[in-house]
């Protein structure tokens, strides 16, 4: 038996890809997963290029693994993910002890690439974009726990000026509807209760069906809701441009779809949205939220924000803060702008100093934290449906689970409840977590 060690950085899509890699290697090459890099025969780094200095982070990690390879030259080092797709053979030029470089769309070829390296002991590289080929090699991953991420589409056609996704994941491709439903059915039989549908632009999903028709995202959600055993549905990440009325209608008639939506806006200034090439305005975004609130009055919204984008004035930033207040976001992921090589925004004049960017980020995050706490306080005394995920790390007498709006809640109960939905009355609130008792 040989052992693989995999380190994963980045988004939920990368986590999903890593689970596919593990399943493929365990099946095809009879490898077993190890938690110790020092004990591994194959070291796999699944990378992310979304943030600043992503490339340097990769080489720092490879430098640490070089010591392992020096002690055991037979160890195979493989680099995959978005940095691998972006950098290609440049990785080998800086780290010539790397054996395999594979892309986001070629991870299914990893077993064959490993065989080649073991036989020939020379670099194997494949960062091509074969459409949907990797899903033809799909093996339902064995899931631990009661929630699962499911990739339904990949890539993006929007080419926002700051984003590398179209270059590292390719253009939008949707998995066949029947394949998605089959995978979810298998997971439901394993005891999975909650499904999170994944895509870089998930609501642009247009999956072909066995009878030659197209299944749109709204229809897919309804079909997933019909699968026995699936009790809760989430999705991420969506784009305002594709948030059409038929998707909003799903919130009216599909109670299994949670009353929580992550809908990235990036800025509250129309000028900055235009520079970002987001192709919508704050008015467009506000209209979507109003329609959603009518369809599902208790819905809560989270978002993404970039501060310090080239050209962002103090007035633009103030508009973003005002927009955050007006929409009343519950949560957000917020970052300082960092230029990504090869994107149009990387050629823009970025003259705002880092100190000012950090100040703006602090103000934005403080504003969001205030709103998050206010949303949490509204939950005090309420009865929440909670999917029990396990025993709390902080207190073995407590169980923990998540509410629809993605807050962790702890409460006392029997371990027999793990994997079940229970009603919990909220007795104590914190900004991002809750304390309750069975109701």
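Cβ coordinates are placed from backbone N, Cα and C, and glycine is handled just like the others.
Keep in mind the model is a prediction, meaning the values are calculated, not measured.
Under the heading [4Fe-4S] cluster 1 binding site, Swiss-Prot lists 11, 48, 82, citing sequence analysis as support. DSSP assigns residue 48 ([4Fe-4S] cluster 1 binding site) to coil, not to a helix or a strand. Around residue 48 ([4Fe-4S] cluster 1 binding site), the C-beta neighbours below 8 angstroms that are at least 6 residues distant in the chain are 9, 10, 11, 14, 54, 81, 82, 83.
When Cβ atoms from all protein chains are considered, those within 10 Å of residue 160 ([4Fe-4S] cluster 2 binding site) total 20, not counting its own. Annotation comment: Swiss-Prot describes 156, 160, 163 as [4Fe-4S] cluster 2 binding site, evidence class sequence analysis.
In the predicted model, residues of the domain 'MTTase N-terminal' (2-119) average a pLDDT of 90. Residues or ranges marked as domain 'MTTase N-terminal' by Swiss-Prot on the basis of sequence analysis: 2-119.
Taken from Swiss-Prot, the feature domain 'Radical SAM core' applies to 142-374, supported by sequence analysis.
Sequence annotations record features per position, and here Swiss-Prot assigns domain 'TRAM' to 377-439 based on sequence analysis.
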Checklist outcome for this item: Excluding 156, 160, 163 themselves, the [4Fe-4S] cluster 2 site's Cβ centre has within 8 Å the residues 158, 159, 162, 164, 165, 166, 200
Item to check | Neighbourhood of residue 163 ([4Fe-4S] cluster 2 binding site) by C-beta distance under 8 A, where only residues 6 or more apart in the same chain count | outcome: 156, 340, 343
Checklist outcome for this item: Sparsest Cβ environment (other Cβ within 10 Å) among binding-site residues 11, 156 belongs to 11
Item to check | the domain 'MTTase N-terminal' (2-119) - residue tally per DSSP class, helix then strand then coil | outcome: 63 helix, 24 strand, 31 coil
Next on the checklist: Cβ within 8 angstroms of the Cβ centroid of 11, 48, 82: which residues besides those meet this for the [4Fe-4S] cluster 1 site?
Outcome noted: 9, 10, 13, 14, 47, 49, 50, 81, 168
Checklist entry - In the domain 'TRAM' (377-439), how many residues does DSSP assign to helix, to strand and to coil? => result 5 helix, 34 strand, 24 coil
